[in-house]
Amino acid sequence: MVQAKIAPSLLAGDFANLEKEVGRMLKYGSDWLHVDVMDAQFVPNLTIGPIVVKAMRNHYTKEEAFFDCHLMVIEPERYIDQLADAGASLFCFHYEATEKHEEIISRAHEKGMLVGCALKPKTPVEVILPFVEKLDMVLVMTVEPGKGGQSFMPECLPKVEFLRKKYPTLNVEVDGGLSLKTVDAAADAGANVIVAGTAVFHAQSPEEVISGLRNSVMKAQETKPWFK
């Protein structure tokens, strides 16, 4: 059975103190750290890149911190070597941003990273079927990518359910609008990796939120037949 993974999104953290934010989330029990890399072309916003990932990695070993790097950039293949050298744990590219899907998967694996493919809300899940079994994770966006703090889109969850039923050992991640109010729907559909930004970083007790998100996934794993 796939494991529940909670990945606080550093996009909602204090960018002037990212090293401390990583440590804070690890202390509160996060499994992964979700790192949003945006180029102001594939999405409107501009965030951080390999240099910042490397700066964070200098403070935490790969055993201490798992950096789940979500690339919202055009031609993500340009960043494989840079992010691998920076210490990224997982390289997640957008299906819509490239035509070199299988090349990216192969090259990123060769560089020692796990590989994921992300789908925008309007992108059908069927497009990844030719290479999905080569992936370590599929990210189903539950908001339009590029901006934090948006509302959860439950209409994206049939893609999660399809993937969980067809590929029971695949990591299925959801990102966008996840909170203690919305996580049950995502977990029940089959998501095991939960990205949450605002809900965690802006909470009075981030530790309780992380625990609650994980408990939701674990409860679904106990009760839903497609997790068996």
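Keep in mind that glycine also has a Cβ here, set from the backbone N, Cα and C atoms.
Keep in mind that what you see is a predicted model, and the values were worked out from it rather than measured.
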According to Swiss-Prot, Ser9, Gly146, Lys147, Gly148, Gly149, Asp175, Gly176, Gly177, Gly197, Thr198 bind substrate, and the residue from His70, His94 that belongs to that same site is His70
Within 10 angstroms of the C-beta of Gly148 (substrate binding site), the count of other C-beta atoms across all shown chains comes to 16
Within the same chain, the residues at least 6 apart in sequence whose Cβ is under 8 angstroms from that of Gly177 (substrate binding site) are Thr142, Val143, Gln150, Ser151, Phe152, Met153
Long-range Cβ list for Thr198 (substrate binding site), cut-off under 8 Å, min separation 6+ in sequence, same chain only, gives Ala12, Gly148, Gly149, Ser179
In all the protein chains shown, the tally of other Cβ atoms within 10 Å of the Cβ of His34 (divalent metal cation binding site) is 28
Of the recorded positions Ser9, His70, Gly146, Asp175, the one whose Cα sits nearest to the Cα of Asp36 (active site, proton acceptor) is His70
